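Copied over from TrEMBL, here are the features:
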- Phe46, Ile47, Ile48, Gln49, His50, Tyr108, Arg112, Thr249: substrate binding site (BINDING)
- His235: heme binding site (BINDING)
Amino acid sequence: MTTYDPAADGAQMSFDGRMSYGDYLQIDRILTAQAPLSDAHDEMLFIIQHQTSELWMRLALHELDAARRMIAADRAREAFKMLARIARIFEQLNNAWDVLRTMTPSDYTTFRETLGQSSGFQSWQYRLIEYAVGNRNLAMLRPHAHRLDLMARLEAELARPTLYDEALRHLARSGLPVPQDVLTRDLREPWAHHPGVQAVWEAVYRDPEHHWQAYELAEKLVDFEDYFRRWRFNHLTTVSRVIGMKRGTGGTSGTHYLKRMLEVQLFPELWDLRTTI
Ligand code: HEM
Ligand SMILES: N[C@@H](CC(=O)c1ccccc1NC=O)C(=O)O
């Protein structure tokens, strides 16, 4: 059998002056951005795990922005596709923990010191996601105070309605009795459980056929929160496996802090209604 020659099949082989794969995707820039500070074998894994996570977070933010715009324009059906994608992105991030978990405590201690006081706690994209979906803790702005550009982005996010705000405004426009104080709330505040909102969602879930779009939107939100929680849980489990009860490099109590974050509920009424309907 003769060796297969892709050129004979028509494959383009000459990229002098033509845009190639690497040009379009800026592969050189991505693949020169790994700079381990130690000789530890696992530091490359650690860096790539975080860099790929940040890339997926970039896409999640892109989708979250578009989903909110669609809901604000009463084009909820188009937002469903984006919300489904965001949940899948989180599934991807969840699966990625399996790779990092191959790093034992012995492996990690060989380079943990080189990380100094840096920590995922300072990920501004992660904070933007938390803010976009309603977990608006202003204390989390402080690690970014030295970067005015990032502060401006985080502040701009805090001035915008969250995903949940947009969903509730959409429901109000469609005629459901969303309480007025919810629609005019201080957007910089974290979401607080509201009985009037729960009553609206209860009405939707008691009669899905009459509120099909609101019902579908609610399930998309729950799905997202479900995957997001799994991410928090996987993080906590990985951290317990790798550093036990040690304090975090970012200065927090470590697993204790992460356990507390696991208690955050983004859309509390959507969970509580399951008990009451
Ligand atoms: C061996 C692996 C890891 C360990 C031991 C670890 C440990 C920790 C600890 C202890 C904290 C609390 C903050 C502190 O004091 O440092 C934290 C926060 C955080 N980590 Fe990790 N982490 C690991 C992997 C990752 C990965 C792969 C990501 C993905 C981007 C990540 C993202 C974050 C984020 C976003 C926070 C802030 C969470 C929040 O404020 O709710 N971590 N991590
Ligand atoms: N907080 C971790 C360090 C850590 O995981 C980390 C360090 C630098 C950049 C990203 C990190 N990932 C998540 O916190 C620790 O205490 O070991």
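Backbone N, Cα and C atoms are what each Cβ position is placed from, and that goes for glycine too.
Those TrEMBL annotations? Automatic predictions, nothing curated.
Annotated features taken from TrEMBL, shown on the structure.
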residue	record	CB count, 10 Å
Phe46	substrate binding site	18
Ile47	substrate binding site	15
Ile48	substrate binding site	15
Gln49	substrate binding site	17
His50	substrate binding site	13
Tyr108	substrate binding site	18
Arg112	substrate binding site	18
His235	heme binding site	19
Thr249	substrate binding site	18
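The distance from the Cα of Tyr108 (substrate binding site) to the Cα of the residue listed as 'heme binding site' comes to 15 Å. For ligand 1, the nearby binding-site residues are Gln49, His50, Thr249; that is, of Phe46, Ile48, Gln49, His50, Thr249, these have a C-beta under 6 Å from one of its atoms.
Taken in sequence order, the binding-site residues Phe46, Ile47, Ile48, Tyr108 that lie near ligand 2, meaning a CB under 6 Å from one of its atoms, form an empty set. Cα of Thr249 (substrate binding site) to Cα of the residue listed as 'heme binding site': a span of 15 Å. DSSP assigns Thr249 (substrate binding site) to coil in the three-state reduction, placing it in neither a helix nor a strand. Between the C-alpha atoms of His50 (substrate binding site) and the residue listed as 'heme binding site', the distance comes to 12 Å. In the three-state DSSP scheme, Arg112 (substrate binding site) is classed as helix.
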